[in-house]
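Single-structure report; data block below.
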Amino acid sequence: MAQWNQVQQLEIKFLEQVDQFYDDNFPMEIRHLLAQWIENQDWEAASNNESMATILLQNLLIQLDDQLGRVSKEKNLLLIHNLKRIRKVLQGKFHGNPMHVAVVISNCLREERRILAAANMPVQGPLEKALQSSSVSERQRSVEHKVAAIKNSVQITEQDTKYLEDLQDEFDYRYKTIQMMDQGDKNNALVSQEVLTLQEMLNSLDFKRKEVLSKLTQIVSETDLLVSSMLAEELQDWKRRQQVACIGGPLHSGLDQLQNCFTLLAESLFQLKRQLEKLEEQSSKVTYEGDPIPVQRPHLLERVTFLIYSLFKSSFVVERQPCMPTHPQRPMVLKTLIQFTVKLRLLIKLPELNYQVKVKASIDKNVSTLSNRRFVLCGTHVKAMSIEESSNGSLSVEFRHLQPKEMKSTAGSKGNEGCHMVTEELHSITFEAQICLYGLTIDLETSSLPVVMISNVSQLPNAWASIIWYNVSASDSQNLVFFNNPPPATLSQLLEVMSWQFSSYVGRGLNSEQLSMLAEKLTAQSSYSDGHLTWSKFCKEHLPGKPFTFWTWLEAILDLIKKHILPLWIDGCVMGFVSKEKERLLLKDKMPGTFLLRFSESHLGGITFTWVDHAESGEVRFHSVEPYNKGRLSALPFADILRDYKVIMAENVPENPLKYLYPDIPKDKAFGKHYSSQPCEVSRPTEKGDKGYVPSVFIPISTIRSDSTEPQSPSDLLPMSPSVYAVLRENLSPTTIETAMKSPYSAE
């Protein structure tokens with residue numbers, strides 16, 4: 001079933017999550033109308049390939065034009081209007097940055113897969129549940145409400161300050177008029193009345209000044225509380241959501257809302273600063289004994305200035321963490337001399353700052369690590385932030401050509417450091433900037449999440465394990481000595497993250513049964529509780545009786561799925577994580593020929609299939625083939641292996657024992673669409689073939705001895721043409737063929 005069809009069948013609570021990440025960047029109407037076409041494109045690859053992204057964007061617009069032509073014939077006025085508007089918006093937003101549309105669509109498809117995986121889980125995982133708690137959303141609404149209230153209050157004090165200015169101007173005019181009168185004129189009754197009026201105006205002016213200063217003090221106090229508590233918590237929550245998203249969790253959203261809050265507050269604070277400057281100007285023109293402005297204004301201005309500094313410093317964030325374009329789903333793992341990208345954003349969007357803020361990148365600035373290795377960044381490491389850098393109009397900068405390079409003086413230390421030691425070293429990329437605005441100079445600094453530096457791609461799996469463990473367990477986002485004493489993680493958190501690895505990397509997460517099997521592997525227990533697991537158990541200690549660790553085993557399976565059986569995995573044909581004992585329980589009551597696919601527990605990156613049949617005595621028998629690894633699957637697609645697989649048993653004609661995919665799905669119905677070609681008809685060699693040759697194919701064959709209930713290991717895939725196989729069957733008995741298969745020269 002197409003992914004979009006599955007999404008539409010979700011419960012309302014999951015559909016609400018889907019609704020959250022479709023916006024003007026990628027409207028849901030387009031996702032719906034072009035569902036199949038969108039799912040057939042490789043948006044992930046295009047997100048790191050500009051020419052490919054340009055072609056896909058052009059094709060997307062062409063597809064939209066085709067839809068417009070279709071709906072125009074149907075005279076659907078509303079849909080025609082919406083499609084024209086959407087096409088115009090997409091072309092305007094992404095014309096100069098086609099890779100961004102690929103990133104947006106790739107992220108949406110990935111998030112759909114994650115939600116589909118979550119819908120198959122009996123309960124929501126602990127990490128995702130914490131990120132989506134009702135208290136978080138309530139606080140976000142409260143912050144937005146308070147920011148709007150502060151903005152409104154500042155507008156009111158703006159009017160108050162203007163009224164105060166008008167009142168003072170009138171007082172000043174009338175006071176100077178009396179001062180200019182002759183002494184004789186000052187003694188008449190009208191002048192005396194005017195003096196009384198001036199006294200009343202001065203009292204009113206004094207009252208109004210105190211009132212305005214009181215309001216300003218209240219606004220500053222409310223802003224201070226909001227910035228230091230609720231807004232800081234919102235920003236911290238966003239950073240935590242970003243951490244989780246980097247390791248495959250739910251996409252982090254809410255940065256645009258935060259930008260709106262930060263920008264409105266900054267505008268309000270600068271407006272307050274101008275109001276205080278106006279009050280100073282007014283006081284310099286008209287002052288009196290007990291004037292509150294000289295007493296209160298300096299302290300208020302100091303508080304406002306401090307808030308502006310604090311707001312700007314916290315608004316400088318890493319919007320997209322460092323990531324190599326070659327490994328988009330393995331962020332924060334960087335290889336020496338390989339370019340990586342990283343994006344910075346200033347959450348205060350003021351037009352005056354466009355192209356005025358230069359950002360400088362450096363690595364391990366003022367940081368002492370446990371490693372002897374030291375790095376420098378090569379490439380363009382100073383760039384200006386601009387509004388045009390991002391399609392959503394935020395003030396941002398993206399570094400696309402940075403390369404980490406190991407300093408020569410420490411290169412000799414690499415040979416003395418093991419793989420685990422290197423991949424447990426954490427480094428930090430720091431970004432500095434300076435803002436000069438309205439007489440203020442503000443120094444900004446922020447850092448990426450810790451990164452792992454590798455010098456060989458073989459270190460990537462262990463480095464990624466370090467990134468996962470850190471971002472699951474670390475409470476401090478800049479603890480570079482984390483692996484000096486790594487804390488344990490809860491089993492429930494780890495299982496949730498393991499499912500994310502599959503949903504984000506290979507398009508389908510794990511269900512509760514599959515996760516139970518992984519839990520058994522991690523704990524070596526058939527039943528488990530939500531205890532804690534150590535870093536060593538996860539990534540450093542070998543599994544019982546095996547020459548590899550749990551993580552090495554799991555990473556090899558991910559690689560196998562990605563490169564060789566991805567369509568089968570996404571369609572749910574592969575049960576995958578099931579023990580031999582559970583496998584037999586599932587198959588024992590099924591029809592003969594029922595089989596299931598599972599990952600090997602003893603071979604790295606291996607997949608096998610097991611089928612059930614019955615002996616003449618009625619005994620239930622199980623047969624498992626030797627696991628297929630990536631080498632053998634490179635020679636023949638796995639779906640074709642299942643279609644063409646043959647077993648030679650004594651006195652029997654070779655036949656395919658695989659009839660039904662567990663529980664009872666006919667094999668061709670389950671795998672038919674994944675066959676790479678139709679099976680070749682068996683024919684005798686003739687001289688009519690191309691240059692006298694008959695096309696050859698690989699045929700997977702196993703032999704099972706009649707005197708054994710346990711299966712033999714299968715032969716390697718034999719390059720036997722259909723015509724040769726036909727000649728063998730015609731001229732040799734099954735017994736003779738079986739004897740040949742048992743010879744010391746056979747591949748068994």
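The backbone N, Cα and C atoms fix where each Cβ goes, glycine too.
Note on TrEMBL: of 234-261, 262-289, 486-513, 514-541, the range annotated with the feature coiled coil is 262-289.
In the predicted model, the coiled coil (262-289) has a mean pLDDT of 93.
Broken down with DSSP, the domain 'SH2' (569-664) shows 23 helix, 28 strand, 45 coil.
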